[in-house]
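What TrEMBL annotates here:
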type: BINDING; residues: B:Arg48, B:Arg54; note: NADP(+) binding site
type: BINDING; residues: B:Arg125, B:Ser126, B:Ser127, B:Asn238, B:Ala239, B:Gly278, B:Lys293, B:Pro294, B:Thr295, B:Ser296, B:Ser297, B:Arg319; note: FMN binding site
There are 4 protein chains.
Amino acid sequence: MSGSTFGSLFRVTNFGESHGPAIGCVIDGCPPGLELSQADIQTDLDRRRPGTSRHVTQRNEPDAVEILSGVYEGRTTGTPIALLIRNTDQRSKDYGNILDTFRPGHADYTYWRKYGLRDPRGGGRSSARLTAPMVAAGAVARKWLKAMHGTTFVGWMSQLGDVEIPFEDEAQIPLNPFFAPSAGVVERLESYMDDLRRAGDSVGAKLQVEARGMPVGLGAPLFDKLDADIAYAMMGINAVKGVEIGDGFGVVAQRGSEHGDALTPEGFDSNHAGGVLGGLSTGQDLRVSIAIKPTSSIRVPKPSINRAGEPTSVETFGRHDPCVGIRATPIAEAMLALVVIDHVLMHRAQCMDVELPVAPIAGLRPGA
Amino acid sequence: MSGSTFGSLFRVTNFGESHGPAIGCVIDGCPPGLELSQADIQTDLDRRRPGTSRHVTQRNEPDAVEILSGVYEGRTTGTPIALLIRNTDQRSKDYGNILDTFRPGHADYTYWRKYGLRDPRGGGRSSARLTAPMVAAGAVARKWLKAMHGTTFVGWMSQLGDVEIPFEDEAQIPLNPFFAPSAGVVERLESYMDDLRRAGDSVGAKLQVEARGMPVGLGAPLFDKLDADIAYAMMGINAVKGVEIGDGFGVVAQRGSEHGDALTPEGFDSNHAGGVLGGLSTGQDLRVSIAIKPTSSIRVPKPSINRAGEPTSVETFGRHDPCVGIRATPIAEAMLALVVIDHVLMHRAQCMDVELPVAPIAGLRPGA
Amino acid sequence: MSGSTFGSLFRVTNFGESHGPAIGCVIDGCPPGLELSQADIQTDLDRRRPGTSRHVTQRNEPDAVEILSGVYEGRTTGTPIALLIRNTDQRSKDYGNILDTFRPGHADYTYWRKYGLRDPRGGGRSSARLTAPMVAAGAVARKWLKAMHGTTFVGWMSQLGDVEIPFEDEAQIPLNPFFAPSAGVVERLESYMDDLRRAGDSVGAKLQVEARGMPVGLGAPLFDKLDADIAYAMMGINAVKGVEIGDGFGVVAQRGSEHGDALTPEGFDSNHAGGVLGGLSTGQDLRVSIAIKPTSSIRVPKPSINRAGEPTSVETFGRHDPCVGIRATPIAEAMLALVVIDHVLMHRAQCMDVELPVAPIAGLRPGA
Amino acid sequence: MSGSTFGSLFRVTNFGESHGPAIGCVIDGCPPGLELSQADIQTDLDRRRPGTSRHVTQRNEPDAVEILSGVYEGRTTGTPIALLIRNTDQRSKDYGNILDTFRPGHADYTYWRKYGLRDPRGGGRSSARLTAPMVAAGAVARKWLKAMHGTTFVGWMSQLGDVEIPFEDEAQIPLNPFFAPSAGVVERLESYMDDLRRAGDSVGAKLQVEARGMPVGLGAPLFDKLDADIAYAMMGINAVKGVEIGDGFGVVAQRGSEHGDALTPEGFDSNHAGGVLGGLSTGQDLRVSIAIKPTSSIRVPKPSINRAGEPTSVETFGRHDPCVGIRATPIAEAMLALVVIDHVLMHRAQCMDVELPVAPIAGLRPGA
């Protein structure tokens, strides 16, 4: 509620600022007995790390994570897991001129109005750098979900600016800097980004993220619906302006006879619903899309005002991602995993005794 | 967390089923001293009431609300406000055949899998009837927000199936059964719905909802972002599959130079952001769009299975809305109001001492 | 947090005022499939009902409970259980003179200072009448705990004013109006109360409440300790001023060699700890004591002030309990049950997979 | 709820184990603009630090705190304040033999039963060392409360074993290692502790803690009562077995005519209530007593069992406090401050608009 804790039973409390001494999080509620090492977490952190290609910010952060608590002899103990990431490449001088000016599209004005003061170094708390601890927490959730339920998470970029990216081959996703599920499109994306960088401008993107091997019945009827919590998690990622479940805005022009996913003894016939009915998981894949706005830090000048209310102009130099969507795929996967693990724990609390008279119907596999 | 409470400081706990004795809610945390009568609440309830035109369900429910507590001599006392709405027109026989069968697009299968049993009468807890107490709670929130901050909420239908509805005249919204901001489109919507009803089918819709006269700085940096909470609230409304803030999915193909709203001494120059930057309100209008799927209860037969896992076919008779989007406008307004009041109270808790050196910049008015 | 919801996973939201139209509660998070009828709840309500002996208030309330939701065909559905109790014997005139005056020992002054206005009828929200819905919710918790874990709850009066009540025979508790575990003491308690009533005065009491058949390992290490939550629940009962677990204040003068309960292959050797070590249940009986202050509504005049700050004198007529401790036993049992069920659900969420290599050591029985 | 977060609006999330790399906490919800330095926090930490006299554990921990976030240019920013304390003097060998054995009075058995495994080094998460981050968080709360409301907190030891400590001179409290408000009693306490240490035994203690300069009206009517939250906070401190507000267990034998604090135009005439009526603060001093059990780690042998369920005997060597109550005074002050600040923020959220027609009556000063 005070804004820095995510989840109800698997609770992640995030702290830090872009250019402060450190960022990190405390995970409270992780079940005991899970094998966990720093390497498990580092792998996911490295996937969102800055400086890994010329298309992302050149800030050079190793993002090395230290486990401060909650693990004993290689296993979680059920007590809070504190994760610490020291900031090592803060260059505050890059941001000196923004202390007094409100950058358009940024949170400068709103933070100042809310708090009366703000940490201007690198965007302070509003920096996308604060997604790193969420990726770290998500790595813990993903390991547990895979071990206990076989649930996995995969995301990819489906559109960059006006370039639509076809879903051709999932195996390509980790092989290019865009998380694109297509080898053929990569060259075009690279030249698109190179043009953009030369122009000093930025662009938006669309991502798809899915959960596979989902337990059935996760969620709650009225609020705490699984899809409502997914929307909350996704809209909370920096720069996200839209969220869809299943067919999303495509449902507006659909007929009921077309939309409802038929059930057969072998499973659902289709997945327009995106894996959620009435706020509860169907066991099919969760299908989520998000829209990410163009980076607000651009070299193209924009009119603005300063703290005295006088007109000025802002152009932002420094090290920025020209498309924040590029590094957002591991973030969206992590947030989806955090939603799912929270609902798994909640479901156990209330419904672990439920026994059904017949075998459950399996959800369909990807592509259905 | 157990799924029936919305909000952190202005908390609404919802109860009831479509065909049980009653539905209602308990509002905890309403500030004391607000003038409040049953009439204040009834007005909003009547806007979403069934049976008001031939285009919505013919269930005949007066939805008369009784205030059970929390009001003394016409003013709120700061203690819980319990609101009770008796169900009067339940015809359980309409739904007799669905006890054993899972209706496609409905929550029958997921509830059964979660709980091992379910109340099949009229969809039980998954019925959209449960939005009535939320509209009632929203009416209390709206009255307080208008009195204290001058904040108001307005929603309308922007698309019905494949018919786009132009925003021509806000004054038309209450004058037609579709909440359409255009007089000229109504005839076309009516014939569209008549055709649909004859075909026994249903269709989706798109709504827009806005908050005007917003305080600045509501929200929180990382989670509990204002826009994340809006996404949660909207995706939690029955049948919603997509949520957008400001330009929404339109941002994917935008450039940063185009998207960022410039600041001038007179206010923001545009409102691509939809009134939220960095998770905090800018003072501009909140601009939210939602996609509503077609009603799942249709007369067109669909393949399904029964609880024994055997194939069958479902066609739903009874009294249904052929487009649940039609009555959803007051619901979306209410949910947006509940999000805003919660954030106002939260902001007071943490930031009521903040003093700014210069006069705040006013947000721009609608249309900006 | 807004003050009317108890519990985290088995959440009870309470509403109502002493002389309003109704009181009640909404239970959210009750597991599905529990057989539940109004009679199950009424039995416990009748144990705290007013008017059952000459030693308690003569207000004549049947406290008949109506289940509004959450139960279908005699079983809980996993959705919210709303319970309604209509107020039928409100005589507001009894309290007419206290609108403007602050009764010593009552919440009149603090409510007025907090909210700026208050419902003076029968103490409004501060009335002990609001414990009735908690007893009703406790009845649901007790039924589930007994069915699932064999856990039961029993309370008794151990002291009335300066009369200590020996623990002689548990079977006597339901056979006298004082919940005294001794037949021999009843006559003395009756004459003690008769004298008190004639004097127009009131007196305090001490109660003991225990849980038996406790699961092991309930609780959490740092906060949400089982004993901390018990202290919270007990201190939240009207008029309670002290709470002890196990030996309570007796530990101050104990040596460590005397206090620590030795473990043997057959179980613990003693129960100084009261069934909690490190915030987690040991499986032994929970042992809790509470101190209840004398009723503040007395006929003996006391100096006070009115809302204008002028001196006055207060003597309270009307129908009051001369010892609120008498009817508090079923309340304390209910609150303890609500704490335990919440921790059982929480424990399932985090730790249901834990498997231990050897058979657990059974807790010892009462008296150990 | 997962057990490591305290508070609702001023939320403190605690992490760490006695012998892990570090302990610490994250404070979320601290109002912006408060001047804060590491020195402000270190002062309070030093008051509970081990190794400061021969009567407490000889573990040599500097408990140096590092502020990782939430402070910019010497002021809080409204974002999370992360505090880190590295463990530097862990000697795990001291505790080697307890891995397989359950120490009587300790949490060894309950942790093992809950989690299936445990960190045995120094008690792991159950160590009183984890109160250090709470003292640190309390220091932040205290600074804000003093600056904004003039509220201060003071605690002292009122009994050590069977030695009652008279309240003679508050100025003596910081001048002796026992937090005793009497110079004359110190020599007796020292020889008492020396005897105890020689015997290899431990003893309990009773503390009193008070808040002065309290705002009026803090709390909530039914749950989240101020006194209930105090009881929760105090019972959550390691080794606490009893909590009293005001006259505490003394109320059992009181008459109503004696207990109720009379109001006069100058304020309350007495403070039997301990500063709380109906769960809300009266503006008088909060008066709280707690009972602390004797340290469970003693050299005197005790029977126990090992993880195989076989009988054994335990005697604990190593560095322990022979009376944990000695260092508990700053902890109790900190926890009381954390309760009060949370209620101040909550009160602002709901009631900041309340205006009263007459001047508030001031609470009385200590001793009243």
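Placed from the backbone N, Cα and C atoms, the Cβ positions cover glycine too.
Features per TrEMBL, on structure.
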residue  : record               : Cβ contacts under 8 Å, 6 or more apart
B:Arg48  : NADP(+) binding site : B:Thr131, B:Ala132, B:Val135, B:Arg327, B:Thr329, B:Pro330, B:Ile331
B:Arg54  : NADP(+) binding site : B:Arg197
B:Arg125 : FMN binding site     : B:Gly16, B:Glu17, B:Ser18, B:Tyr111, B:Asp119
B:Ser127 : FMN binding site     : B:Glu17, B:Ser18, B:Asn238
B:Ala239 : FMN binding site     : B:Ala128, B:Ile292, B:Lys293, B:Thr295, B:Val324, B:Gly325, B:Ala328
B:Ser297 : FMN binding site     : B:Arg103, B:His106, B:Ser202, B:Thr316, B:Gly318, B:His320
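For the binding site of FMN, formed by B:Arg125, B:Ser126, B:Ser127, B:Asn238, B:Ala239, B:Gly278, B:Lys293, B:Pro294, B:Thr295, B:Ser296, B:Ser297, B:Arg319 according to the record, the largest Cα to Cα distance is 44 Å, rounded to a whole number. A simple way to gauge crowding: the CB of B:Lys293 (FMN binding site) has 30 other CB atoms within 10 angstroms, across all the protein chains here. Chain A comes close to B:Arg125, B:Lys293, taken from the binding-site residues B:Arg125, B:Ser127, B:Lys293 by a C-beta to C-beta distance under 8 angstroms. Contact annotation for chain C: of the listed binding-site residues (B:Arg125, B:Ser127, B:Ala239, B:Lys293, B:Thr295), B:Arg125 place their CB atoms under 8 A from a CB atom of that chain. Mapped onto three states, the DSSP output places B:Ala239 (FMN binding site) in coil.
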